[in-house]
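Written out below as C-alpha cells is the structure these notes cover.
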Amino acid sequence: MSHNTVIPTTDISPKPDPARPRKAQRDAAQEFINSIQGVTFPNSRRIYLQGSRDDIQVPMREIQLSPTLIGGTKEEPQYEENEAIPVYDTSGAYGDPDAKLDVHVGLTQLRQPWIDERQDTEPVAALSSDFTQQRLTDAGLDHLRFNHRPHPLKARKDKRVTQLHYARQGIITPEMEFIALRENMGRERIRGDVLRQQHPGQSFGAQLPENITPEFVRQEVAAGRAIIPANINHPESEPMIIGRNFLVKVNANIGNSSVTSSIEEEVEKLIWSTRWGADTVMDLSTGRYIHETREWILRNSPVPIGTVPIYQALEKVNGGAENLTWEIFRDTLLEQAEQGVDYFTIHAGVLLRYVPMTAKRLTGIVSRGGSIMAKWCLSHHQENFLYQHFREICEICAAYDVSLSLGDGLRPGSIQDANDEAQFAELHTLGELTKIAWEYDVQVMIEGPGHIPMQMIRRNMTEELEHCHEAPFYTLGPLTTDIAPGYDHFTSGIGAAMIGWFGCAMLCYVTPKEHLGLPNKDDVKQGLITYKIAAHAADLAKGHPGAQIRDNAMSKARFEFRWEDQFNLALDPDTARAYHDETLPQASGKIAHFCSMCGPKFCSMKISQEVRDYAAGMEQMSEAFRAHGSELYHSVEDVSHEQSA
C-alpha cells in the first residue's frame, strides 16, 4: 500500500467489474483508501454530544432541513424553520470532515485513557501466540504488514477487565455513559410536537425507558441482557451496545477468501460498511494473509470487530478439519485477542450426539463452523473440543474482554429444516454455556438462524429468551423463503424485521450475493441498507422512544414538496436523488409540487393541500356565519354598517 491517506461525498471508485483483472480491482481499492478524507452526507454535519468529562464526545450526524413556505407573497414569502434531525452515526472519524485520516497510521485510540486509568491491565511480557511471533519474524510479509501495531495488553493477575465485571461491581464506565448518550440519539434537541409524535409499540416484554441513562446501561449489562463488545486491545472502537432494550443493531460481514479479494479491498469494505450503518463488522477471511488483513481492519475500525476463529485455525492445518487440535485453536484465540478482536463466534454447542439429528434434514449442516466441528467430532468420535475446553476459552476472553457470540452451527439451511430437533438441542446447550461464561464475567450473545418461514419465527425468540436467560440474540435474517437467489437481502430482511420486533438485539445482514458468491462493496451497501430498514422498522414496532422522529420529518418534507430534504433524510440519499432525477432532472423538478408518478394534476398530496386550503376557507366562512348569530338573512343596514367598518 502506498502512503497518503478519503471517502468522498459520493463513491468515486470504479464499480466492481467481474471481468476486470484481479490486479486492477486491487489497485482501484488501494486508490480509494489512499485518498480518504472524512465527509458526511449531503446537507448533514457532524456534531458531538458532550458527556460528563471532556473525553466523552459522542458523534452524531445532524441532517439540516430547509424552511417551510407558510404564506406571504411571491415577492415576500414567509417561511417557518424546520428543526435539524440528529441521527445515529457509525462512521467514526470517516464521517467527520475535520478528521485527519491515514489508514497506514490507524484511527485515534479513543478508549485508551479509559483503559489506562482503570489500572487493571498491563502489557504482555511476550506475545502469547506462537503464530503471531512467526508472522512478525517473516520478512517476506513486510510489504503487507501494518507498521504501527500497538503492544497488546492483558488483565493483571487476579483482575477481570470486562464491562460485565465492572457492571456487576456497580461501576459506570465511560463506555456506558458514551452508550447512553448515543442510544438517546440526541432526541432531546427536538422540540416540535409534530416530530415528537409516536405510535405506541408492542415490545413483547422489552423494557424501553423514555430516557436511557448510564445506570440503565450498567443494569442491563450486569443482568446479561446486553453486551458492550470492547476488547482492551481495540481502543479505536466507539462504544456501542447490543441488547433488546436498546436500538436494534446491524452487523456486516466482510473478509477475503482463497479465491478472491485482497487486504486493500477488505479495508475499503470496512470503511464502506461503517458509512452505510454497520454497527459491528465481522471479518470472515478464509484465504491467505488472514492475520495481516485483520490487523489493518482493527486499526482502522471505529466499530467492534468479530471473527470466527475456527476459520483461521482450519487454515493452519491446511483445511483438514480432522487435524484441528485444542492447542492450535487456543493459539488462534490468543493471537486474535491480542490483536483486538471484540467478539468471537464459537461453535461450542455442536455436540457429537446432535450430529445424527441432522441426517434427515434436506440441507444438512450449512454453517461452515458447524460443519467443521461436526466433521472433527465424527473423525475422532470424541466430544467437540470447544465444548470440552469452554472454561479455558472463557479465561482467555476474560483477560482481554472479548465477548462470546455462541454460534448456531446447527442452524437450518432451508425452511424445510426450520425449528427442528437439532436446532433447538444446540440452542439449549448454548444456554448452559452462557451461564458458564457468566461465571467468568464474560459477555455473551447467542446466534440464531437461518431459514425460517414467517409463522415459525417468533418461537425462535421465545425459546432463546427462555433457555438462554435473556442473553442478546443475534440472527442471520432469518430468510423467509428459499426461492429468491439474488434477492436474499429481501427474503431475509422480512424475517429480520419480524425477529427484531420480537426482541432480537442484532441482525446479521444478508447481501444479494448470499448463496451465490463473495459480496463486493456494492453488495455490502445493498445488504446494509436493507437491514437498516429492517432494524428501524423493528424499533418503530417496539416503540423505541424517538424512533419515529425521522419518519415524521420525512413525511412532513414529502407533504410540503421539499424534495432535497426528502433525499437527505433517506437512508440512501444518492439513490433517492438518482431515481427522482431519472424523470425530472431539471432544477425545477426539485421545487415542483408533483413527481413523475402522478404528474401535476393527479398528485394526491397537492390535491390534499388544496382540500385543506378549501376547508380552511370554509371554516372562516362558518366563523363569520356564527358571528352573525347564525342568521341566514341580515338587514341592509347591518351589512352596510359592517362593510363601512
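All residue numbers here begin at 1 and follow the chain in the order shown.
Even glycines carry a Cβ here, placed using N, Cα and C.
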Binding-site annotation, Swiss-Prot, substrate: partner of N253, M282, Y311, S367, R368, G369, D408, G409, L410, R411, E447, Y474 in H234, H347, H389, H428: H347
Cβ atoms near H515 (Zn(2+) binding site) (within 10 Å, other residues, all chains): 13
Rounded to the nearest Å - Cα separation of Y311 (substrate binding site) and H451 (Zn(2+) binding site): 23
Taking residues N253, M282, Y311, H347, S367, R368, G369, D408, G409, L410, R411, E447, Y474, which bind substrate in the record, the widest Cα spacing (Å, whole number): 20
Listed binding-site residues (G369, G409), ranked by Cβ neighbours within 10 Å, top entry: G409
Shortest C-alpha distance to H515 (Zn(2+) binding site) - which of the binding-site residues S367, G369, R411, Y474: S367
Other CB atoms within 10 A, centred on H451 (Zn(2+) binding site): 26
Whole-number Å value for how far H451 (Zn(2+) binding site) lies from G409 (substrate binding site) (Cα to Cα): 13
